[in-house]
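The structure appears below as structure tokens.
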Amino acid sequence: MPERLITPKGSRDDEAADFSIRPQRLADYVGQPAVREQMEIFIGAARARGEALDHVLIFGPPGLGKTTLSHIIAHELGVNLRHSSGPVLERPGDLAALLTNLEPRDVLFVDEIHRLSPVVEEVLYPAMEDFQLDIVIGEGPAARSIKLDLPPFTLVGATTRAGLLTSPLRDRFGIVQRLEFYNVQDLTRIVQRAAGILGVSIEPAGAAEIARRSRGTPRIANRLLRRVRDYAQIKADGVITDQVADRALDLLDVDVQGFDAQDRRLLLAVIEKFDGGPVGVDSLAAAIGEERGTIEDVVEPYLIQQGFLMRTPRGRMATSNAYRYFGLPAPRMTGVPGDLFGAQEEGGGEGKL
């Protein structure tokens, strides 16, 4: 399946483009006000004491700036940043090589930390807690364990699936931050800032139009900005107005809700093939030819957040918003929690279906 334009997952093109527009300081970090304020306090206090910052766990949907925040943490602390990921650290020796090369107070960023192997995770525990590395030398009866002292460091772990972290690992993070989807106002500021760095002429209304269709995700906003820039360069006078952005994004099949063909296919499958649900995620994945993990991590979070899809103990259900989106009448159902299809809106004091 071709890569979606509005997928929140990063690509190599995204990494190269995002590097030039990535903020380096918390003062330039747009959105997530609670996270920003807390990190300003924690970083300032650690810097004033000359100590390593407590280990930080950052979780939330992909594309919201977990990697960016790790870069900012290292930059604000004035230390080096070492980057790795859970799948890459296959053996304890891989982790040991990283840890023994850290300088005091350095930041080690581990993306997809929920994918660490159990044997590597066991080595990480004493490193996080006591700044010590347990190494086993030899094999069998002759094997012996030695301890290596490590410089104080900060582990920044990032994950889209915090629920998959083991309790011992999760409990060793002194700072836990959840990143939320961005509102249109913050995304508009992000688009305007990126356009300024890239030298793109953009009107406020054009930036807002891109922001509205970016699914609350900065990575998608920056990607759409680059594509709309291309359209404006060839089809317009190089200036991104709201009309130019609207035409470009319609051409790219990104509608006013930020949905693309995959979103519409999922919602229609729930409505037409499963009578609005509930439907299990495995059945839904088979119906649309997509992997379960992609549905859970990439497609459905935004649909749920926007109120088009509902996750229940019995499976996924389409909401009245989904029916209205397709111009379909919502069925009258009984026993649906939360008055899903809006019976209370129909007036009368009864509020019954």
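Counting begins at 1 with the first residue displayed.
Every residue gets a Cβ built from N, Cα and C, even glycine.
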According to Swiss-Prot, which candidate in ARG219, ARG223, ARG226, ARG227 joins ILE21, ARG22, GLY63, LYS66, THR67, THR68, GLU129, ASP130, PHE131, ARG172, TYR182 at the ATP site: ARG219
Average model confidence [pLDDT] within the region 'Large ATPase domain (RuvB-L)' (1-182): 88
C-beta crowding around GLY63 (ATP binding site), within 10 angstroms: 28
The region 'Small ATPAse domain (RuvB-S)' (183-253), counted residue by residue under DSSP: helix, strand, coil: 52 helix, 4 strand, 15 coil
Fewest Cβ neighbours within 10 Å, where candidates are the binding-site residues ARG292, ARG311, ARG316: ARG292
